[in-house]
Amino acid sequence: MLVLRGAPALSEFRTKKLMQSIEALNLPVHALFAEFVHFAQVSAQLEANDQQVLDKLLTYGPKIQEKQHKGLLLLVIPRAGTISPWSSKATDIAHNCGLNNVERLERGCAFYIDADPLNDTQLIQLKNVLHDRMTQSVVSDLQDASILFKHEAPKPLTSIDVLGGGREELVSANVRLGLALAEDEVDYLVSSFEKLGRNPNDIELYMFAQANSEHCRHKIFNADWTIDGQTQPKSLFKMIKNTYEKCPDYVHSAYADNAAVMEGSFAGRFFPQADNNQYRYHHEDIDILMKVETHNHPTAIAPFSGAATGSGGEIRDEGATGRGSKPKAGLVGFSVSNLRIPGFEQPWENDYGKPERIVTAFDIMLNGPLGGAAFNNEFGRPNILGYFRTYEQKVTSFNGEEVRGYHKPIMLAGGLGNIRKQHTQKGEITVGAKLIALGGPAMNIGLGGGAASSMASGESNEDLDFASVQRDNPEMERRCQEVIDKCWQLGENNPIQFIHDVGAGGLSNAFPELVNDGGRGAVFSLRNVPNDEPGMTPLEVWCNESQERYVMSVAPENLATFTDICARERAPFAVVGEATQARHLTLDDSHFNNKPIDMPLDVLLGKAPKMHRDVQSKALTGNAFDVSNIDLDEAALRLLHLPAVAEKTFLITIGDRSVTGLVNRDQMVGPWQIPVADVAVTAAAFDTYQGEAMSLGERTPAALLNYGASARLAVGEALTNIAAADIGDLKRIKLSANWMAAAGHPGEDAGLYEAVKAVGEELCPALGLTIPVGKDSMSMKTQWQDAQGDKAVTSPMSLVITAFGAVKDVRKTLTPELTTKGDTCLMLIDLGAGQNRMGASCLAQVYQQLGDKTPDVDSPELLKGFFLAIQQLVNEKALHAYHDRSDGGLFTTLVEMAFAGNTGLDIKLDALTGDNASALFNEELGAVIQFDADKLNQVDAILAANGLSGVSHVIGTLSDDDQIRFSREGEPVLQNSRGVYRNAWAQTTHHMQRLRDNPECAEQELASKNDLNNPGLHAALSFDVTEDVAAPYIAKGIAPKMAILREQGVNSHVEMAAAFDRAGFASVDVHMSDILAGRVSLSEFQGLVACGGFSYGDVLGAGEGWAKSILFNAMARDEFSAFFERNETFSLGVCNGCQMLSNLKSLIPGAEHWPHFVTNQSERFEARVAMLEVKDSPSIFFKGMQGSKMPIAVSHGEGRAEFAQTTGLEAALDSNTIALQYVDNYGKVTEQYPANPNGSPAGISGLTSKDGRATIMMPHPERVFRTVANSWHPDDWQEDSPWMRMFRNARVYLG
């Protein structure tokens, strides 16, 4: 084993934050220093040249001053017996660089601790701060890392002596293994194995427990019900299915697959042809798939990993729909208990304590969103929708006084995708079909996730809780998705017959489900399962929940095609079994020469006992909420600090929202990028204005007073949100319903039944809405003991609705951005019809009240009329702005619109009934619309035709100053400056950013928000955006070949290909594996573009691993060097491609002054809209664009330009090779955050070679080449945005 020192692992402010965590434990630690250490397992001593390559390979990242090692060494390494995702990717790079004697690379982090002597307890506490016990170990000597390369012998299975010891043996195993089997399931298993005449193996019991857990089987939703002695006619699931029976319109797949499918658009899907890899449009039906999952239990234990794998699992559900499909855009949501942000605690936030095994709500929101965002970012899916609610309060509800809240959080992960009509249904699994596991290896993690998720928090052993959390590797999932994409792109020749994702229960659930759903049995070989921990037992190999895996069946005659696709994408797979005619499951173990599983599928899946719920309903005992003594000024500021109302930028800018180039509406609105959008919208393709929309609705605290109302409000809010998009027919909208409840808690079961009936039997059929997909989580309760005795925090019954719909014209989507042009009116449409019910409102929450009566959907017809009226107004382009009324009421709706429009307001409450507090802060459904004053009659007529005249009120207009005024009958009711409200609204985000990211950047961003003169994003162009300079060359009919270059983990190649295709190029998909295998030569191409993403997951530095696999591979180096030397060629590197090409500068003529790119100053992934200025440089891409200033999408974690020498910046400026610079909204070159999102010196965002043929840039022009793909744009831009000019300039350059 070789030991190689690396760079310092922590920046100054990260070290400071770690020290603060250690000081909070009162440990006598004075200082620490952290450094990466690399370990190489080699098969033979490396020659000098190889050693030099290895040294260079492991030198990466930013320059940080090295320090002397002193103090106690604590070396954090991956858990012994595992192979980390870092290791597998770094080893791949080493092999691609020709280091064949390097068998494996691994990385640790050496902490040198300056401390007084530590006792054993203190040492354990310190180690717990420094490492993640799920995936890491701590040793005290560098040579101890050699355990990383030792392999244990496989461990045998164990059997449970049911035949000899009877039922008690199984009861004991149930507790020991954390199986969560019900009493009747224990009886069923005892009976089944007595009939088989043998004892069950542990693996068989575990497999049964996972497959039949509440998490997987949804036993409560399929149960028979008796409520208050009355037998109920339907199960919960049947009431949900009732919506489909009443309205099956536009639904192509429901309840039968990993996701539901609905009718979408007809447009041109853009992907490469199989025969020559050239991209082209394929005009066909582009149907919409939809799925929303929850990952609550793991997120309470390990927030980053729980949320990351929650998103990853949901993405796999989408990709595994039908015979393979394409995830497109994501959403995420969180409900947690009170944040109690250190230094920003709020008056309503009492601390009721928590058990040790779960983390705090603050920790969940500090790390969980990062996990969800990181997975989506690296996979390459834009995350463009979300919600965030906190609730934790002692209330008097149905069960008397108790604490209700989200100690067990809701972590929502969902999204939409697209699927070919021909692949919507699963195919036939033929007898003899190869049963394949695609994706990463088995590791001993995530055991028992399904069963653990099915228990109330506190019922299981703490070690089992930790064992049930999975770990993520999104770059692997991206490779798998590329394989699935290549399969469905073959159309009728798609080799995938049947596909499922691997989730809860691992292969033990996925493979039996696959063959059972396909009507087959199977014979499997345990030792064919790819395995990174050979020492695992058969149970651990078969049942672990290692992520990024799919199972599928492929006919033997198509296996060669599938194998070739996987090889090109470097996606590992294995044939694990074969499908059989007999519905029997056999698992052979060649190592121990036995059969760990040998049972009929019917025993596993067919006849488990059906649940019966016999429950009682509870009467309400709430008290009215008295608002008469509330100070309105204080109430307004409290509400603006409540997370459900407050600004959520800290949850949004961490997530890529522009990847794919198909995002039309993300959360950020207008020139000031205010996060207030009601709906997320994507375009169906690059050649259409049709698209897809999704929105969220949830009013969970209302369930503490009225279960049915809470459910109806969730549906209503999803509709008032999606109404901002151009949908048309209400039947075009389909819903996902995610149900969370504390089953067994007094009154909650009957309440759940009431809520499901309210939407499934009543509201949705009345509206013509269908719920074709959903999920339930029935153990939303946390129990523990402390010095004060038994404690519990029980979640409200929680329904989260996601609405999905096909969009007719994405350009018509409305936002809350008020226009300040002309004479306009603001109108409130009040679907509560003046009732102003205040129960369970945000105002009640911030005063620690609950109230008695909640808002409700009293008239489905009124809600339907509202939706149709707004749709007509959208279609006729009669409105300037739209914002629904929700958390915080009318006050919040209006101030958010004022923030988006950067304007003051004059609001008159005269037309609104009731007291001022209720008028301002009630959360009845409704919306505020803005329109030209001279269109009042047109608007009135449309509202009247839909039955809304009596609930629609003109309430005011914009003010000429910065004040937001509310008055009644000429008397002031509430008034403050927009600046005061804007600052208050920003505080939650600001404090979370300060504690999570670089505090200096957080301070700079707050200062930017408080700059009331900030002119916002704008465009000042030096050229005519409507001119197509490439048209004369395209007319010649010659399309120069353009290499759209990608490496494993790259995710922005399709939109790049589309941009060059539009400019007249023949865009060709080129994988690095094509070049390394000699299948493709760069001599065929006149242009090359290295695309954005996360090559090799950014191990060994962003883009550096990719570059070094070229520099240190003789064949690849020669290919690229020859290409760059040819005078008639050009090259472009964007984002990850920019990072990569900057590390190839030794091969690129005239690029010697280029920097490389390192971690952003914020030390956070930054997804922003930034202003760029095009400089006067030789770049062929920016000819005629010099002096232009315009917005562009930015999405990267390592974009800060760093020069090797201190004189590097000056040399770059002197050589005129800086092509692009970040400017602020005043148009000045800036290093200030967030206008400069990464802290690059002199605002550097792009550079060129001295002859202009090679250009690199961190921002993403390919994602915004269409005007509709820009988060904000001037009204006069047409189809093409100004960034399209640079691609056309490249075509002009070739002549």
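Glycine is treated like the rest: Cβ placed from N, Cα and C.
Here is what Swiss-Prot records for this protein:
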type     : residues                                                                                                       : note
REGION   : 302-327                                                                                                        : region 'Disordered'
BINDING  : GLY306, ALA307, ALA308, THR309, GLY310, SER311, GLY312, GLY313, GLU314, ILE315, ARG316, ASP317, ALA677, SER886 : ATP binding site
BINDING  : ASP678, GLU717, ASN721, ASP884                                                                                 : Mg(2+) binding site
DOMAIN   : 1042-1295                                                                                                      : domain 'Glutamine amidotransferase type-1'
ACT_SITE : CYS1135                                                                                                        : active site, nucleophile
ACT_SITE : HIS1260                                                                                                        : active site
ACT_SITE : GLU1262                                                                                                        : active site
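Taken over all pairs of the listed ATP-binding residues (GLY306, ALA307, ALA308, THR309, GLY310, SER311, GLY312, GLY313, GLU314, ILE315, ARG316, ASP317, ALA677, SER886), the Cα spread reaches a maximum of 32 Å, rounded to the nearest whole number. Beyond the ends of the region 'Disordered' (302-327), by six or more residues, the same chain brings 132, 134, 253, 257-259, 261, 289, 291-295, 359, 363-364, 366-372, 374-376, 379, 381, 411, 413-420, 423-427, 446, 466, 469-472, 474, 477, 480-481, 484-485, 487-488, 494, 496-503, 547-548, 550 to within a C-beta distance below 8 angstroms of the stretch. The subset of binding-site residues (GLY306, ASP678, ASP884) lying with their Cα within 10 Å of the Cα of HIS1260 (active site) is empty, i.e. none. Applying DSSP to the region 'Disordered' (302-327) sorts its residues as follows: 17 helix, 2 strand, 7 coil. Per-residue pLDDT, averaged across the domain 'Glutamine amidotransferase type-1' (1042-1295), gives 97. Cα separation, GLY312 (ATP binding site) to the residue listed as 'active site, nucleophile', rounded: 23 Å.
For the Mg(2+) site, the Cβ centre of ASP678, GLU717, ASN721, ASP884 serves as reference, and the other residues of the chain with Cβ at most 8 Å from it are VAL679, SER695, LEU696, GLY697, ALA718, LEU719, THR720, ILE722, ALA723, ALA724, SER886, ALA927. DSSP assigns ASP884 (Mg(2+) binding site) to a strand in the three-state reduction. Separation of the C-alpha atoms of ASP884 (Mg(2+) binding site) and ALA677 (ATP binding site): 10 Å, rounded to the nearest whole number. Within 10 Å of the C-beta of GLU717 (Mg(2+) binding site) we count 27 further C-beta atoms, all protein chains included. Using a 10 Å Cα-Cα cut-off around ALA677 (ATP binding site), the recorded positions GLU717, ASN721, CYS1135, GLU1262 reduce to ASN721. Of all the Cβ atoms in the protein chains shown, 28 others lie within 10 Å of the Cβ of GLY306 (ATP binding site). Counting every protein chain shown, 27 other Cβ atoms lie within 10 Å of the Cβ of GLY310 (ATP binding site). Here the C-alpha separation of ASN721 (Mg(2+) binding site) and ARG316 (ATP binding site) works out to 27 Å.
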